[in-house]
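Among the features that Swiss-Prot reports, domain 'ABC transporter' is placed at 19-238. Annotated ATP binding site per Swiss-Prot: GLY51, ARG52, SER53, GLY54, SER55, GLY56, LYS57, SER58, in sequence order.
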Amino acid sequence: MTLTAESGPLAGSRTDVAGELRHVDKWYGNRHVLQDVSLQIPSGQIVALIGRSGSGKSTVLRVLAGLSHDHTGRRLVAGAPALAFQEPRLFPWRDVRTNVGYGLTRTRLPRAQVRRRAERALADVGLADHARAWPLTLSGGQAQRVSLARALVAEPRLLLLDEPFGALDALTRLSMHTLLLDLWRRHGFGVLLVTHDVDEAVALADRVLVLEDGRVVHELAIDPPRRTPGEPGAHTERYRAELLDRLGVRQ
């Protein structure tokens, strides 16, 4: 596993960390969008990042993904992170298997091997029989499954999810939660889930971070983590109330 860092050496780096930011600051013009942000995503953990619109959640994800370089502080990732967004961003003129294979662009693998790995990734998300389908024929849930397959085809240690289920209906969302947890259990990657949905954060995460005006202002460990989406947990309302209070939402 390759550890990569920016903005100076990372003393004490450990291979059980999938992704980490240390004292990161970022500006957009005169706006200080990230202020001394430090966070860690251990391998095999799901960390949710919640906050109001404009709090800097997607910027944190972009810095971790290596898509933003004009920041101060330190970034540590295990290998190349994978991303999935709210919009699947599939190429409509390429079939599903080819879209998934684009997740291996950096590897320069032979074409036949790319096809095999893409087909295996599609089987992983329950779409083995859709390899030759066209993106425009897919439902919203199927398209998001293809997006996950593309993210995971390169076998990343860190998966970054930016509101991936926000555009789906309630039942499809629960199905995607179950799929994500199944993939997480089987592959053991670390996850940073950016979401505006407090219930989703409590349902999926080991830890929830609250971002406010570019700062991490609260961290909540979900103990024990609830791993059965759609089923109520005795602790759910308590955690939900605490997070809503930190977000300034009156119940």
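Note: Cβ is positioned from N, Cα and C throughout, glycine not excepted.
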Open item on the list: Around the C-beta of SER55 (ATP binding site), how many further C-beta atoms are within 10 angstroms, looking at every protein chain?
Closed with: 22
- [ ] Around the recorded ATP site, report the further residues of that chain (criterion: Cβ within 8 Å of the mean position of the Cβ atoms of GLY51, ARG52, SER53, GLY54, SER55, GLY56, LYS57, SER58; site residues excluded), sequence-ordered.
- [x] LEU211
Open item on the list: Out of GLY51, GLY54, GLY56, which of these binding-site residues shows the lowest number of other CB atoms within 10 Å of its CB?
Closed with: GLY54
TODO: Take every residue in the domain 'ABC transporter' (19-238), average their pLDDT values, and give the whole-number result.
DONE: 90
Open item on the list: For the binding-site residues listed here (SER53, SER58), tell me which residue's CB has the most neighbouring CB atoms inside 10 Å.
Closed with: SER58
- [ ] Show which residues of the chain containing LYS57 (ATP binding site), separated from it by at least 6 in sequence, have their CB under 8 Å from its CB.
- [x] LEU49, ILE50, GLY51, ASP162, VAL194, LEU211
Task: List of residues, in chain order, with Cβ under 8 A from that of ARG52 (ATP binding site) and at least 6 apart - done: GLU212, LEU247, GLY248
Open item on the list: So, three-state DSSP: helix, strand or coil for LYS57 (ATP binding site)?
Closed with: helix
